[in-house]
Amino acid sequence: MSDVIAALVHASEKAAKIARACRLEESLFGLLIEEKKEGEKNKKFVTDFKTLADVLVQEVIKHDVGKQFPGIENNIFGEESNEFMNGLGEKIHVKVCETEQETAKLLSKVLDGNMEAAEVLARSAHQNIVIPDLDTGRIDIPQDRLGVWVDPIDSTFQYIKGISDSKPNNNIYSHGLQCVTILIGVYDLHSGTPIMGVLNQPFAVQDPETQRWSGQYYWGISYGTTKVCSLRPHSKNGDVSSESNSVPAPHHLKKGSAADLEEERFSAVLSTGETVCVKTLLKGACGGNIHYASGAGYKSLCVVLGFVDVYVFSEDTTFKWDCCSPHAILKSLGGGMADLKECLRRRQDGNLEDCSELVYNAPVQDAKGADRWANKGGLVAYRSHKHLDAVLNLLSGISV
């Protein structure tokens, strides 16, 4: 089943090209946006949007992975419905057709007859992408156990705004196209445990001369005792690198001469919508090493890359499609993604050892629409169990 991760990386790279193609022509981009209906949208936002890029990316992933592994497409689930409405009020079900010409014809209906834009998108959907061989080794996972969560474009609001001149603080972007990610996570249908993840950042670097964007992807596998990742393990000096390029060194706790208080400090990334209480407690524990950023996928990526030690979110407005992919990658690195409220509850009951990780196969009882797949207990994404313990110890006295 090591071919599955290669297929997912391939699909994510094609998806990234579609995302970039959709942003290329500002005059056409407005045609691609539609407000989500009740039941689809995230309750955190007054209005929540999907784009044709979201829908097409999701359908491309289903089509390409299903074509290579027949049957698995029935267990690929995503944030978006494939229904889109054009300017005439016609409901169009977006899909990838057998030929590029057929896909272009279908997309032109969504784009109010704009065949030029439809052909650009169809070409991206049918293009052949070449990726380097992935050094995964042989991994045998029964295909009938695999479920897939897809977030075709995480941080859609930042994608629509299209800010390209955002500046990072300690490698972390608070907003902008850099916060946009494509997330594909594989989980065990029976246990709900994350197994594989691909996290693609389609707008990682912009060429200052051409203004063209290039992307970067990361992947990880955690199955039984097998843990493989595109990020190499930490070297002796603490640096971390990926297969395809180096990334900045992660933040680490100071050792030796630092005071005990400094030993306990850790760094965190949060949502600006985090509760005042949690912000205040974390700010005290993190000192100056607290950051705010857009996009659940991007904040998780900051942990994956070691820019921060943890991503904490106490609210219930992230979803299975936001977390499955980075969770699998973090597991491959020895970390994870825990259910914050359940971990705190267990601690209050005196269980200091057991940690409740997020699972991906069970909907929330009695919930409707997108809320069926919400992470109701919030989350903590972490690279080290030491930092998870520090967060739980810090928040153990509050009700979140």
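Note that Cβ sites are derived from N, Cα and C of the backbone, with glycine treated the same way.
Caution: TrEMBL annotation is automatic and unverified by curators.
Listed in TrEMBL for this protein:
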- Glu79, Asp151, Ile153, Asp154, Asp322: Mg(2+) binding site (BINDING)
- 238-247: compositional bias 'Polar residues' (COMPBIAS)
- 234-258: region 'Disordered' (REGION)
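Everything TrEMBL records as a feature, shown here on the structure.
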residue: Glu79; record: Mg(2+) binding site; contacts (Cβ under 8 Å, 6+ apart): Asp54, Gln58, Val150, Asp151, Pro152, Phe319, Trp321, Ala370
residue: Ile153; record: Mg(2+) binding site; contacts (Cβ under 8 Å, 6+ apart): Ala19, Thr51, Ala53, Asp54, Val57, Tyr159, Val180, Thr181, Ile182
residue: Asp154; record: Mg(2+) binding site; contacts (Cβ under 8 Å, 6+ apart): Val180, Thr181, Ile182, Leu183, Gly295, Ala296, Gly297, Tyr298, Asp322
Local Cβ density at Asp151 (Mg(2+) binding site) - other Cβ atoms counted within 10 Å:
29
Residues within 8 Å of the Glu79, Asp151, Ile153, Asp154, Asp322 Cβ centre (excluding the Mg(2+) site residues themselves):
Asp54, Val150, Pro152, Ser155, Thr156, Thr181, Ile182, Leu183, Ala296, Gly297, Phe319, Trp321
Count the Cβ atoms, other than its own, that fall within 10 Å of the Cβ of Asp322 (Mg(2+) binding site), considering every protein chain shown.
30
